[in-house]
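Feature annotations, courtesy of TrEMBL:
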type     : residues : note
DOMAIN   : 43-294   : domain 'G-protein coupled receptors family 1 profile'
TRANSMEM : 28-50    : transmembrane segment
TRANSMEM : 62-84    : transmembrane segment
TRANSMEM : 104-122  : transmembrane segment
TRANSMEM : 142-165  : transmembrane segment
TRANSMEM : 198-227  : transmembrane segment
TRANSMEM : 239-262  : transmembrane segment
TRANSMEM : 274-294  : transmembrane segment
Amino acid sequence: MVATNQTSVHPASFLLLGMAGLEDLQTWLSIPFCLMYIATLLGNFVLLFVIVTERSLHEPMYLFLAMLAVTDLILSSSTVPKALSIFWSLSNKMSFHACLTQMFFTHFSFIAESTVLLAMAFDRYVAICNPLRYATVFTHSVIAKIGVAAIARSFCVMFPTIFLLQRLLYCGHSIMPHTYCEHMGIARLACSDISVNVWYGFATTLLCPGLDVVLIGVSYSLILRAVFRLSSKDAQVKAVGTCSSHACVILMFYTPAFFSFFTLRFGHNVPHHVHILLANLYVLLPPMLNPIVYSVTNKLIREKVSQIL
């Protein structure tokens, strides 16, 4: 009787269809996906190795880069291996609890990365606008607390979604037209009211990455105001140079993520396979490009990486 009731509440497993509508192209899509994932692993592990082993890089900006690399690895590794498994027809099934676990770590790492990007924006603000206070503000203790805060914030935001999804009745619906499990993708399979899930997802998006984007924008507006007040042209160029890589990373991270979020909720005329492509882009493209951007734009990292390679 218990087993019967449990089955009626949620399915034992989900069937993931992958790129629904592009099934004939999935084998070809797996090639760039696989190459991008390999580049993601290689780039972020090399960046982590350089920062950990090189004592001259044990400074706030580089420690934040190490945090960013860790979140990038979790974000991409939570989703891409399963997507490749679907593309290669190895396995397209995922148990209900495994699906919730994947959903948790995907959104958890996204929120954590957003928090780290906000901390990096504040780091650049203090470095340019209050350079004399930089060493006293960003101590190793403060950076460790920021890392713990990023983990705690992500956990507190995502943990309730597990119970919000477990409480729903799925009535045997188990086919998911996606490459990985995400909150609203699972909720839409339910045959019960999901309004709480919809509003919770909308609220957490506005109050986490949405709020982070606003605060990052405020930080950069203050930075630009301070830069344009500098009398020396060389000082202006140097100040802009220290922020350029971070600004590129911010654009790469938030643009596909918010585009995917808003098209999923409001772009009803957008084909479903476009939604899935966008959802895969924001978990794979930024993690692949972040170490490349910082290796190219940061001279010290570029020198250390070139010594290894």
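The backbone N, Cα and C atoms fix where each Cβ goes, and this holds for glycine too.
Keep in mind that TrEMBL annotations are predicted by a computer and have not been checked by a curator.
Highest Cβ pair count under 8 Å relative to the transmembrane segment (28-50), across stretches 62-84, 104-122, 198-227, 274-294: 62-84. Annotation: stretch 104-122 has the most Cβ pairs under 8 Å to the transmembrane segment (239-262), among 62-84, 104-122, 142-165. Listed by sequence, the residues of this chain that lie at least six past the ends of the transmembrane segment (142-165) yet keep a Cβ under 8 A from its Cβ atoms are 60, 63-64, 67, 100, 103-104, 107-109, 111-112, 115-116, 119, 183, 186-187, 196-197, 200-201, 204, 208.
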